[in-house]
Amino acid sequence: MQKKIKIPKLSLNHIEEDGEVKDYGEEDLQLRHIKRPEGRKPSEVAHKSIEAVVARLEKQNGLSLGHGTCPEEVFVEASPGTEDMDSLEDAVVPRALYEELLRNYQQQQEEMRHLQQELERTRRQLVQQAKKLKEYGALVSEMKELRDLNRRLQDVLLLRLGSDNLREGAEKKVVFITGRVHPGETPSSFVCQGIIDFLISQHPIAHVLREHLVFKIAPMLNPDGVYLGNYRCSLMGFDLNRHWLDPSPWAHPTLHGVKQLIIQMYNDPKTSLEFYIDIHAHSTMMNGFMYGNIFEDEERFQRQAIFPKLLCQNAEDFSYSSTSFNRDAVKAGTGRRFLGGLLDHTSYCYTLEVSFYSYIIGGTTAAVPYTEEAYMKLGRNVARTFLDYYRLNPLVEKVAIPVPRLRKEKPPPYKYPFLRGPASNHPNGKGDKKSSVNHTDPSNSF
């Protein structure tokens, strides 16, 4: 299909000296319509078509268009047949190209918005992670400090009293006492404090006990839990009284240290670990009482009941009727159960429980609230019960002999009449008389 376009002839030779351009008429220029090749974009076809037209015009008119000259400036006027020209592509292609560019631009803008949203979301997540890392770093540093504290406590926590006063070559009888494995059971600390205060005092009973027994006391097995205000668990979230079977030196350092020390003493032929008492507090039952183990040997089981019976005679707030002996599977990881199965028949393991709130004296029904002094008094009575168990009462009478004084002084508070009582059911005693069962409690003065 051919169309005519009215093209003015322009040439440098046609320009007059005065600068006016003469009208030399019109010349018909035949243009051949070029079909668009398949697979090419409209913009490429249109661009090449325009270049072909411009090249042909330059060839015929002898005019070379510069790079800065727009092709539309050449076509100043169009012939009347231009409107009928089938040049729809020349009008549609730039529009389609514009729409395509607009779509691409809008798509890029949308992608930019999505990227900005993702970047903002990532920034917020990074800020939150930074805060968490900061808190975690503070927690890790605090945990390291507590772990260092636990290591130091392993060395200074175990209190050894009176071992220097024992005779050389004699077998050391050891009483091992632990407390506060559950950090929320604060009464156990007061009971343990009563034991320690009495043993290091100048009381004649304490003096005799230090001469004949070795007391090792770990008053706080869960210091990190106490520091954090936990009720039962440690800093790592463990109930330490369920991990005696296999304590970890990293997660349960105090338990691991105490267990290693007990095993070391158990393997020492010169040491006899005869008692292990773990002090707790009970939230529902009243009075003080004990838990013991059950053994197939009937004689060993009967011997195990002697210490709670003697403690019941010495402490008015201790109830032997509430004392029980069991081997529940739930309590398999406790110190009492584990050490009861580890140690031999000469050792006795107990859990000493004391009520959180009150006790009932025998023969009455009124509940007496526990106080700090009442808890410490129970601890003193636990300590003096070892005097009855080992039949050391005659030695107390020798220690209590008054020393001549040069001037008047107030009598010491521990001078009490020591009365002879009935024979006890001690495993090694045959008709031995106990002087501490019925006499006034000398530990009440502390």
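From the backbone N, Cα and C atoms, a Cβ is placed for every residue, glycine too.
As stated in TrEMBL, the feature coiled coil covers range 95-136 out of the listed 11-52, 95-136.
Counting only same-chain residues at least 6 apart in sequence, those with a Cβ under 8 Å from the Cβ of Glu353 (active site, proton donor/acceptor) are His280, Ala281, His282, Met285, Gly288, Phe289, Met290, Tyr291.
Mean model confidence for the coiled coil (95-136) is a pLDDT of 86.
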